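Feature list (source: Swiss-Prot):
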| type | residues | note |
| --- | --- | --- |
| TRANSMEM | 32-52 | transmembrane segment |
| BINDING | Cys35 | heme c binding site |
| BINDING | His86, His187 | heme b 2 binding site |
| TRANSMEM | 90-110 | transmembrane segment |
| BINDING | His100, His202 | heme b 1 binding site |
| TRANSMEM | 116-136 | transmembrane segment |
| TRANSMEM | 186-206 | transmembrane segment |
Amino acid sequence: MSKVYDWFEERLEIQAIADDITSKYVPPHVNIFYCLGGITLTCFLVQVATGFAMTFYYRPTVTEAFASVQYIMTEANFGWLIRSVHRWSASMMVLMMILHVFRVYLTGGFKKPRELTWVTGVVLAVLTASFGVTGYSLPWDQIGYWAVKIVTGVPDAIPVIGSPLVELLRGSASVGQSTLTRFYSLHTFVLPLLTAVFMLMHFLMIRKQGISGPL
C-alpha cells in the first residue's frame, strides 16, 4: 500500500494538496454566520441528488406531468420522502442564500479585492431564483401553469423585443408543451451546469483570497 501511495505522491503531490486543504488560516472573528454559504451548497447537493432520483419517474409532458408527480408521491418507493426533501431543501437553499448575501454585505465581504467573488455570488443568487421559477412549473398543475403564464408574460411590456422574447421563453405563442420542455431542460440541465461552474469559480476565489477580515 505504501508503494502505491508513493507512486501517486511522486506524480500528483497528494500531501501538498491535503496540507493546503487542511491548513488554511481561519480568522478568529469567524462565527456561525460564515457557514451560511456552505449550508447553501449542501442544500444544492441535496437538490441534485433528489432531483436526479425523481427524473426516473417524472414525465415532462403536459398530459402526464401531473400524473407522474402523483405517482412519485403515492406509489414510488420513498417517492413522497424524496420529493418532500427536494421541496424543503429548495426553500432552505433560498433562505440560506438570502441570509448569506446579507451577511457578506453587512460585513463588507464584497470590497476590494473580492469584487469578482461578489459578482459570482450575485449570479448564483439569480440562478437560485431561476431554479424556483422553473421548478415551480414542473408539476403542471393549476398553480404551476398560471405561474408560468404570468412569469413568461412579464417581458411583453418591453418595447420592440417584448413579444419575441415572450415567444422565445414559451416556445410558441401560448403556454404549452414547448414551454414545459424548455423549463424542464433549464431546471434539470442548464441551470445545474451553470450553478456548478459559478460555484467552482466562487469557491476557488475564496480559497485564493481567504475570508474577509472584520469591519
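Backbone N, Cα and C define each Cβ position, glycine as well.
Computed from a predicted structure; not experimentally measured.
Nearest in space to His100 (heme b 1 binding site), taking C-alpha to C-alpha distance over the binding-site residues Cys35, His86, His187, is Cys35.
Classification of His86 (heme b 2 binding site) by DSSP places it within a helix. Long-range Cβ contacts of the transmembrane segment (32-52) within its own chain (Cβ-Cβ under 8 Å, at least 6 residues beyond either end) map to 82-83, 85-86, 89-90, 92-93, 96-97, 99-100, 103, 128, 131, 187-188, 192, 195, 199, 211. Of all Cβ atoms in the protein chains displayed, 19 besides its own lie within 10 Å of the Cβ of His86 (heme b 2 binding site). With a cut-off of 8 Å between CB atoms and residues at least 6 apart in sequence, the same chain places Gly51, Phe131, Thr134, Gly135, Leu138 near His187 (heme b 2 binding site), listed in sequence order. The number of other CB atoms found within 10 A of the CB of Cys35 (heme c binding site), across every protein chain shown, is 14.
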